[in-house]
Structures are given as C-alpha cells and as structure tokens.
Amino acid sequence: MGSDPVGARGERPQVESAILPWQAVPGACTEPGNRMVVEQAGQVAGAGEGYRRDIDGLRGVAVLAVVLYHLDPGLLPGGYTGVDVFFVISGFLITRIIAAGQAAGTFSFRDFYLRRVRRILPVLLVVVAATLLTGALVLLPADLESLARSAAWSLAAAANLHFWLQPDGGYFADASAEQPLLHLWSLGVEEQFYLLWPALLVFLLARGGRGAAAWASLALVVASFAWAEAINDTDPRAAFYLLPARAGELLLGALLALRGRSLASPARVGWAAEGLALAGLAALAWSFWRLDHDHAFPGLWALVPTAGAVLLIHAGGAGSRLVAAVLGGRALVAVGLVSYSIYLWHWPVLAYIRYFSGDVGLVAGAVSVGVIALLSVASYSWVERPARRWRPAPRAQLGWLYLFPAGAIALLALALVQTQGLKDAIEGAPRFQEGLARIDAEARPALAFDINCQLSAHDPARLDDPRCLVGGGTEAGILLAGDSNAAQLVGLFEVLSARTGLPVRNLSHSVCPPLFQGSYSFPPYKAGCDAFRPFLAEVLASGRFHTVVLGASWRHYAREPSFRADLEATLDALGSAGLRVFLVGSIPHHPGFNRHCERRGLRLGWVDCSGRLQGPDEGEPEWNRWLAEAASRRSGVHYLSTHALLCAQGVCRPVVAGELAYFDAGHLSMDGSRALGRELLGREELADWLEVFGADRSRAP
C-alpha cells in the first residue's frame, strides 16, 4: 500500500478551512447600506444585533484546531473539522446580513459583493503572490508548474475544482502536504457558495419570507449531507472538494440565522441555553479528538462538528454564560480576529518546511509557529484592516483590490506554466542533469518494472503472464501475492531465485490485502480489490501452488476491527488447502522520508537529507507481532521479518549496504529490494527465507 492518492480513505486529503473574515472586526455583520458601521465591540449593528465576541472566539478555537492538526495530526486527530465550524459560521453570518438588509429594504448586491472584495481578496492576493514568488526561488520545475496552475485556479475562486480535477500522479502520488496552495480549496467552496446563495436567498425571502427560506434551507441541507454520504465510498474526492457535498454545512448556519430574528429573547435565557452550550462544546471536543482521517468525511460524520457549532452559536445568542466564559475570553477573540490571515499563511509556511525537511519536528514546528504569527499580524495590520476601511468609487475598489493585482499574478502564473516551471533554466546545468540521472536510477519503484505484476485493476490473465515469473523457467509452485508491499519484494526474490535456481510467480493488487474476508481498500482500487481477493482464494485452493508468500501494508489494514479475525480465517483456509504459508512483516516505516529530497538538494545545495535517513528502532510493530503470533499457532505457517536487516544498534535506516533502499516512507525501490536480497545471502536469517523454496529444492538444477 503506497502513498495513497489525495482523497483516498486511508490518507485523506490534507484538510484546510476557508476562514473568511465575515466578523474579522466588531461589526463585520453590518452592511454599508445599513447606515451604521460598527467599529467598537459591544455597539449594536444595523442588522439589529450587537457584536458577538463568542463568534470570534469560536473562530479562534477552529483555527487553532486546524493549525495544530496541520503541525502534527497526532496533536489533534480531528482538528481538520475546524473547517466545518467555519462553514457554519460563514453561512450564519452572511445569511443574517442579507435577511436583515432585505427586511430593512437596504440590501444591495453591489454593496454586498464589494464588501466581500474588500474583506477577502487583498490579503489573499498577497499570500498567493508571496507563495508563488517563493516557489520560483526554491521549487523544482514540476512542482513550480503545479503551484502556478493552482494559483491561477485560486484567482478564479475555483481552487477546489482544480484539486478535484488534478490527477493524482499515479499510485505513488506526491504528498498533498507539500502543495503550498492546497488550503485554498475550501476558500473556493465558500466563494462559490457566496456567488449562488445570496440570489437564491433574496428570491426566497421576497416570495415566501423567512419561513420559506428556512424550509428551503432545510431541504438543501438534507440533500447535501445525503449526497456527500452517498458518494463517500464511490467518489471521495468529489465528496471532499465539491460544493454540493459541502453546502449543507454552510446552510446549517443559514438555517440557524433564519429561524428567528433574535436568539436572545428572555424566554431562551437560562438552563436551556447552558445545556445547548454544554452539548455544543462536547460535540466539538469529540470531533477534534476522535474524528481522525479514517472516518469517511464529509457526510454524516460532518454533522457532529457542524451541529456543535450551531448549538454554540445558538446558545451564545441566547445569552449563555458558559459560551461567554469559554469563547468570549480576550485571547481567543484576538486569535479569531486574525484567523483569516493565520489560515492563509499557515499552510504555505508548513508546506515549504515539509518540502525541504520532510517532516515538521519540534524545532521546525516552533519556528513555523513564530513565522506564521508574525506574517499573520503583519498582514492583518497592514493589508486586511486598511483594505476594509478604503472607500473609493466602486469601480476603483474592484480594479485596485482585485483586477489589477490578480491580473499581474495571473500573468506570472501563466509564464511559469508556459516555461514548465522554469524547466530549462533550472535543469539545464550539466551538474543538475548528472545528479538527476543518478538519483532517478537509484529510486525506481518495483511498479516501474515489467517483472513486477502489480495491478491497479483486476486482470485474471496476468496470472499466466510469463513476465510475472521471477527466476526464469516456465512455471512455479510458489506464489508471491498481496499489495504493493508484496510487490516490493520482487527484487529480493529475484536474488533468492538466482541462488536456488527455483522460480517464483508474483501477482499483487494495489491497496488490497491478501485476506479472503472483510471489506478493505477504497476507490479507485476497491472494485478491483473486491474481484482480486476471491480470485486469489480460488487460485490458491486449486492446487496450482504449494507455497504462498503473503506481503501487505499490514499497518493500514490492522486499523479495521475485523482484521485479526479476517487474517485468522484466511490462514485457516490456506491450511485446509494444504498450502505452506509465509507471512512477511511490514518493513520499518519512515514517516519523515522524502524520496525527492536529494533531487531538491540539486537546486538548493544547503538541503541536508541525512536526517531523514534514520529513525529510532522501536521493535517489531504490533501488527507484525500479530502475524508472528498467528504463524506460531499453526503448522505450515511461517513468519518472515525484515526488521533485523534494516535496523541495528537502536536505529532503523532506509539504507542497505550504504545505498538508499527505499522509494518512499514505506516501500523499497527495486534496487533496494535487490540489495536487501544480496544482504540476506550473508546473514543468518537466510535460512528462514530459503524455507520458502524448501518444497521445490528437489527440483533445483
């Protein structure tokens, strides 16, 4: 199981939030047409409600959750749900603005959208320009071209469509955490919502009042959540990136805004409000700590954080003392005021750190937090606030705040795309070409070789393909099967086959464990996997093979509650068929490994990759111990470990005989697999691995 495509169930896209500044300063809910511009906390807005400190505090909580998650998902596994909190807040605030303006007869589409331009675009354009210019100085051509394309789509309020349409680059997709403008996908979702919802809301209010608008909102909420849930398994990328699957979260906020003119009537103040507040806080806390990336998201799970946000906004408007105490504190409100800038800056900073270091460690994390804070305060003070207060003629606002700067950035992006990310200028140097050829030769995955029969879609005919026979000959009694973690062993068995003179046939399927029961994998591999697993069971029961070697990314499949039972059932079935079974444990995982590090170092000589080439030896992981235990309880089942070959003296390294052996954090390259096989020839562990060929030794030449 390799690096999963963006949006895959096992590794969900890195989650951002469009933290739009609808309430970036007190009174952000007040339209110019309402004749009252609120600048001080506590003043009453023209919309009929005072400044809500608790909403800024809620925004502060949400942005902190998102940043913590992006620093290290282990700090707050469900911190990505902060995006859903922001969607609710945004839907609530703009709906309240429009409904109040309509009721007063002062709403103007022109004023509404000019206000959006002043609030959203200036700092966004600064961040996009700064990110693009930084990329031109440090990124490799392919990465720079990709960044330029994402910048262009972002300028058109369509970043989410770009990342939805963007091909994943194959099975070993580049880490989404290194795409500096990935976070703008959620900004695209909100901007598209703002283009559609105001006109529909005004129409509904004019025809049927708040009641009709509320019922329509409810119907759309149900449809949106239902659609997201329905496509989570079949098209998770669409569920993640597209407005129809996310609109329900914004419309929950809209529904709250439409349910009544005032949330703070005396009848609603009291224990009921405190109960709602407590329930809302519990829902958010549970979401932040429990909704990790293994949950299908969005869809029904998104109801937990969004319902929590709705309850807190409702309770805060009803005068809840708990909400005021928890969300109205000065520190949280201050963070909420700057949250739009924090959001825009935090992701590019972290993406560039990961681009060159592979991981955000303690020191890099502390430095990045300081840089994010500095940039955020600076852009809030010198870009956001001045732009909000600038009031020239409408055409001048549109031109100077969007058209002219966006046009300049678009021209830069176009130039970078046309030059393929300055490809000739960067890669033309002989030193670069020589280094690139060396690195590429060393780092090819098993997937790049015909001898490796790893499928991404089930094809029964490949079982008889002569290219799938390792070690020559016309047939083999040994089958190497599993997912990409089995395929990575082809080079190793090539060496062992040469030693014994006995062939091995291999057949594997991406993101597909060699287990005969249970539900595993995810689109686009799930359909093929669901066909491959019963096919594998049928082949192994047919008597064609007497030995099977099973390899897989056990660490991923072990997350399923039924994994151990499914493993036991598979081993029992293989034993009943009379097969000798060898379970190969997962190789040591190196989360900080980055196969592109040396290539990036060709452009910037100061990049040091050595720190990524080792990790602490924590012993055999739990899932490998499960395999060993299951094997020990059965005759004819054996466990094979690579741990001692890749770990020594308390350290594990993705290196064999002084050469880089890994392709990515959890896979050997083909050269690395062969090197591991050669390493085995001189080790005491060789006898265990040669047992695979035991039943065929009498036929050896």
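Every residue gets a Cβ built from N, Cα and C, even glycine.
Per TrEMBL, the feature domain 'Acyltransferase 3' maps to 54-375. The feature domain 'SGNH' is assigned by TrEMBL to 461-680. Per TrEMBL, transmembrane segment is recorded for 78-99, 120-140, 184-205, 212-232, 238-258, 270-289, 295-315, 322-343, 355-377, 398-417.
By the count of Cβ pairs under 8 Å, the stretch nearest in packing to the transmembrane segment (398-417) among 78-99, 120-140, 184-205, 238-258 is 120-140. By the Cβ criterion (distance under 8 Å, sequence gap of 6 or more), the transmembrane segment (184-205) is not counted as touching the transmembrane segment (355-377), fewer than 3 such pairs being found. The average pLDDT the prediction assigns to the domain 'SGNH' (461-680) is 90. Residues 61, 65, 76-79, 81-82, 84-85, 304-305, 307-312, 314-316, 318-323, 326 of the same chain lie 6+ residues outside the transmembrane segment (270-289) yet bring a C-beta within less than 8 angstroms of a C-beta in it.
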